[in-house]
Amino acid sequence: MEHRGGSRQKGDGVPKENSPFINNTDDKGNSYDGTNMALFEEEMDSNPMVSSFLSKLANYTNLSQGAQEHEEKEVDSPQMGTFMGVYLPCLQNILGVILFLRLTWIVGTAGILESLAIVGLCCSCTMLTAISMSAIATNGVVPAGGSYYMISRSLGPEFGGAVGLCFYLGTTFAGSMYILGTIEILLTYMVPKAAIFVADKKEDELDALLNNMRVYGTCCLAIMSVVVFVGVKYVNKLALVFLACVILSILAIYAGVIKTIFDPPYFPVCMLGNRTLKNHQFDKCNKIEVIDNITVTTQLWNLFCDGSQLNATCNEYFVNNNVTELQGIPGLISGVISENMWSTYGPLGMLVEKSNLPSVEGGDPTQDIYMPYVVNDITTFFTLLVGIYFPSVTGIMAGSNRSGDLRDAQKSIPIGTILAITTTSIIYITSVVLFGACIEGVLLRDKFGDSVKGNLVIGTLSWPSPWVIVIGSFFSCCGAGLQSLTGAPRLLQAIARDGIVPFLQVFGHGKANGEPTWALLLTAGICEIGILIASLDSVIPQVYSCLQFFLMCYLFVNLACAVQTLLRTPNWRPRFKYYHWALSFLGMSLCLAIMFISSWYYAIVAMVIAGCIYKYIEYRGAEKEWGDGIRGLSLNAARYALNRLEDAPPHTKNWRPQLLVLLNVDSDQAVKHPRLVSFTTQLKAGKGLTIVGNVLQGTYLTKESESKKAEQNIKAAMSAERTKGFCHVVVSSNLRDGVSHLIQSAGLGGMKHNTVLMAWPGAWKQSNDPQSWRNFIETIRETTAAHQALLVAKNVDSFPTNQDRLGEGTIDVWWVVHDGGLLMLLPFLLRQHKVWRKCKMRIFTVAQMDDNSIQMKKDLQMFLYHLRLDAEVEVVEMHDNDISAFTYEKTLVMEQRSQMLKQMHLSRTEREREAQLIHDRNTASHATINDKVDAEPEQVHMTWTKDKLLTERNRNRECNANVAVRDLFNMKPNQTNVRRMHTAVKLNEVVVNKSQGAHLVLLNMPGPPRNRGGDENYMEFLEVLLEGLNRVLLVRGGGREVITIYS
């Protein structure tokens, strides 16, 4: 196979939906000289041979819609695999700010049990979403746009655009959050002296920190934007370095946990009574100390008293309580886990206290904010912690956002994303338990590590040094920020290129290599707004907008999967099989619950924003093709839907066979072939449109009662076979016109059939009336002219009923020419029904002398992989053998029989003419019997009587008949007919050899000859082609693609 990134010539691309076949521009010049496929040669210009079709699928660029419906042009871009393209970005985005900066605080505040509930709730939500996303991602090629592409192609451009833009904003604000995390680590734990703004008063410290974060955050954003602008391959190189640091940091945490079993690190926490103290400004946890037998006060004394003298006035609580030291990391086997099981929520400014230490109250509580106590900087409660923690699991879309850069998106996205979520979930769950088992509760609730000299709390646990964690968390936040700045512009670029939001189209342009330059500039601008807000986890719009937008995106990914699964659209064939609509609904419910649990008012705001975008796209956006009172409402809904259906033909992905079933009834108006109705049910599974039509010969005035009776019988048959659809009985002066009227006018508006199903006229050879098979051939011609597909069931009475359950067996598809892909779609649809569920699909195609059959098999297997169809593939070689004597003789017999039928038909016509002539002459002779007419001698040689006339005519006829018989035995067969018979014989040989035991054989139906003189020969060719086969379905495409590799 050629590489998909290969160059293409100008003009190569996706044909328009109304082009008959995907290769119709190239094959007209291809003449066909072989004898093996002569039956199909008249249609080679529109229906190419499969070998020719497969050779053009090497890079899968000229398949029906999808490849360029969102792209202006194809560009060379880095092609990444599962590990680099999905697993690492997801891992890097999921791990980061929260794990290193906030998880210890969440465990201390919520307790181990509620923390596990928070982690379990959030990870379950993302895992269920990942399962739904995997199903959508493996349902065809996912080009650039990731989650947006999935939702917009599943639920329409309005939903896709609304959710896509919200997700873009969420990803962008997440980027600013990661950058703020980077700067917080830098200024709080790494180089506090690098602060530009320094507070003179304690109450001004927060403002100073925020100003520093704004300045440094802007610089950091500028540097990251430059790196992303240079190219995604440099982001990937940096990502490897950053992720290596993160993994080392996590390993350092686990190593530190193991070390605490036998040698806990020494990180004392100074307690005054039961209150935790910040130890930035003192070294010793004592009020006084004795130096050279002199009692002196310590630095701690100076913080609570107005002087360093022993008689200075001190804070009353300081005087009444003792100072004690706690081991900050008592270790894994210390039993501290029992104290950390339960939650300790509290309001803003609440002191971080250890409940089992003695404490004597005293002093003015309003003055506590000026004392060096560790306090809650925000009001804490369960739902807030859910809101703060959830962004740490939102990196699951990092891989899918870069789907345009993946080598095989539908393989990489499920594996990489689910592995990343599993990995990080294990890390988070074990971390919650280990943190609660190793670290003292007051230290866990110390968000910024003020009680351990400003060390990162998680750093105090790590081995060999806290710096491993500090550096690892710094690079983790950098990497996550880079991933957000890489994914968000690509998401915006995909939305802009789709043209659904007109004013965003400028952001669809980029550099020559496809990098989204303008989208990156806008993303950096929005990111800067988030940085100027400058707070990582306060109850402000940044965290909640980020959270709500992510949750909304996940909600709609789950909804898209559930809707597709329940609708059972023919295009819904995910390669990922471990999904279920119930899981998708559960994931959707969790997303909705978390949205309202974390902040109901921000959830409503996010929904209003998405609703406004939805209405804007519906009103101004580019149009994209991607049932008393209740009865009145249904009528209005149906009318509205029919009007919408009129707008445009359905997209290839939405194509399903809408059937017109041509059913025959006998003289008592009973249904002749009820199994045809059974087969319809098995093919449709209750979905889509089914019209069962029948034609009665005569006039409606004389046939009204028969028409009603036929309609009742057909409806009864449909009810017995559980066929959901409509019945349409037409009375016409002749059957030919009646069928034509049905094909042209059945259905209403956009709810029209696109496929005709009929039974093979089994008794056409025995019938004295050639009109039966002529009607059949004219029906084939009319369906072709109307661009409708045609299915002809041979031996339909042997087809299974709906109560049958076919055992292990095969449905064999003989794909000779490509006429839209219906052959591939039908077995998939049949296998959805319990009758055919256990059958396996086999696809046979025919290779000619010049074809590379090994390459054809590889190409066909790859084509089926992209179509998400599981089937065995076999390429049958048919060489240009010499035409056998058997074929020659069979053709001669066919032509002789045809000639005899014509002569018999002529003789019958002659007899009718002669009888009329005799009648006319007798009438004339009686009228003139008494008239004496003189005649010229040379004009009257003899007197004719009635007997003499008949004798002479019989003698002449015998003479002519003898001549005709001699001509029959002397005639030579037409060479074109010989070649077509050769095709029928040879193809029948290989089909019978391979598929005689199959439960069903599907075969391309050759078109009837353009010259109507050969119609009876055409029927003979088809009879030979199908000889020896039990259940056969002949298939003709309707002149358009009905199956696609795209999602």
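Any Cβ shown, glycine's included, is placed from N, Cα and C.
Summarising the annotation, TrEMBL assigns compositional bias 'Basic and acidic residues' to 1-15. Annotated domain 'Amino acid permease/ SLC12A' per TrEMBL: 86-263, 374-660, in sequence order. Marked as domain 'SLC12A transporter C-terminal' by TrEMBL: 674-792, 801-1047. Under the heading region 'Disordered', TrEMBL lists 1-34. Sequence annotations record features per position, and here TrEMBL assigns transmembrane segment to 86-105, 117-138, 159-180, 213-232, 239-262, 378-398, 418-444, 464-482, 518-536, 542-567, 579-603.
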Worksheet item: Do the transmembrane segment (159-180) and the transmembrane segment (579-603) share at least 3 Cβ pairs closer than 8 Å, excluding pairs fewer than 6 residues apart in sequence?
Response: no
Worksheet item: Which residue counts does DSSP yield for the domain 'SLC12A transporter C-terminal' (674-792) in the helix, strand and coil classes, in that order?
Response: 58 helix, 26 strand, 35 coil
Discussion item. So, taking each listed stretch (86-105, 117-138, 213-232) in turn and counting its Cβ pairs to the transmembrane segment (239-262) that are under 8 angstroms, which one gives the highest count?
Written reply: 86-105
Worksheet entry | Same-chain residues near the transmembrane segment (213-232), Cβ under 8 Å, at least 6 residues beyond its ends | 77-78, 176, 179-180, 182-184, 186-187, 196-197, 238, 402, 405, 478, 481-482, 485-486, 489, 513, 515, 517, 520, 524, 527-528, 531-532, 534
Worksheet item: Taking every residue in the domain 'SLC12A transporter C-terminal' (801-1047), what is their average pLDDT?
Response: 75
